[in-house]
């Protein structure tokens, strides 16, 4: 069967939520509104290209006019899974439903986990708090070099990171320690998405992380639409942190990125490639640099920079291409705390072959995106999700 669209370009604007989800209160997120609050904070957002697609038609956002004739089909999606982290949102987009949320540790890891890690590795743990990776090695690197203690830290995502100097703890030993941590955190009460080895070199005041980082992720808990595409011989091009999020499952080519703008450069490159399948981009800066840091000005600037790159995408899209723009959760930079927020996410679906867009019904799960991609390529449909392919005219 010939696919309806030869290439699908899926962009996940990491953490760009569009207002509190119906169950936001359960997550301590009542009133969260990533896009709305950023726009309000700066007296409006200037995003003319997203405006043309129909962003403000989903719901009005200050500074972004409603399109009289939106180019895209538009709606918002509600997350069905339990959780509001990157892995849960992305796995659901590709047809899975996660009922046990990944754990985050804003106050560091529980004492019993740290005690067990110390016991099994024979090394003391220092740190045990959320931190920037470069800041914590500057702070604790000298003590680590003296004592051989493990620098353990986390972030706002579901990760346990272990930093060690390559001359103090050789790489193979660090990797062995991370495998122990991975085993310990498979326990449901800890359920950590990723364990990361973070080796570094240098001297106090001049430490540098090396390229010998290693991730011990969880494989998705079931087959995703990406697995089905790969097995059917289609291309699945993962741009940014997509390959890490799915532990390389269902990925045929990986393009790493340094920033949102680098991600857009790589996307433009894939638009010029001849392939049949999915190009899947995650733009992480919104979340990592601005959402968690509660920086609404920086977040707004990044949204406007992203919008300014969209004409390069539009002019390279072919008649039989499909562009899908969405998000994986919220991260309201005006909200309390530093964590993600439980929100609806926007959904904009565009192809040059469309004769204008209109409103789609509210989606009750992110998995509708995966189901639509699966139907387009004629591969096995995911267990969750309802395709909207036939609603696109």
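The first residue you see is number 1, and the count goes up from there.
A Cβ is built for glycine as well, from the same backbone N, Cα and C atoms used for every other residue.
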Quiz prompt | According to Swiss-Prot, which candidate in 214, 336, 340 joins 287, 292 at the Mn(2+) 2 site | solution = 340
Quiz item: Closest to residue 287 (Mn(2+) 2 binding site): which of the binding-site residues 14, 328, 329, going by Cα position?
Solution: 14
Exercise. Pop the Cα-Cα gap between residue 329 (Mn(2+) 1 binding site) and residue 340 (Mn(2+) 2 binding site) into the table, whole Å please.
Key: 7
Quiz item: In the same chain, which residues outside the set 14, 328, 329 have their CB within 8 A of the centroid of the CB atoms that define the Mn(2+) 1 site?
Solution: 12, 13, 15, 16, 86, 89, 90, 287, 327, 330, 331, 340, 345
Exercise. Using the recorded Mn(2+) 2 site (287, 292, 340) as reference, state which further residues of the same chain have their Cβ within 8 Å of the centre of those residues' Cβ atoms, listed in sequence order.
Key: 14, 15, 156, 157, 288, 291, 329, 331, 338, 339
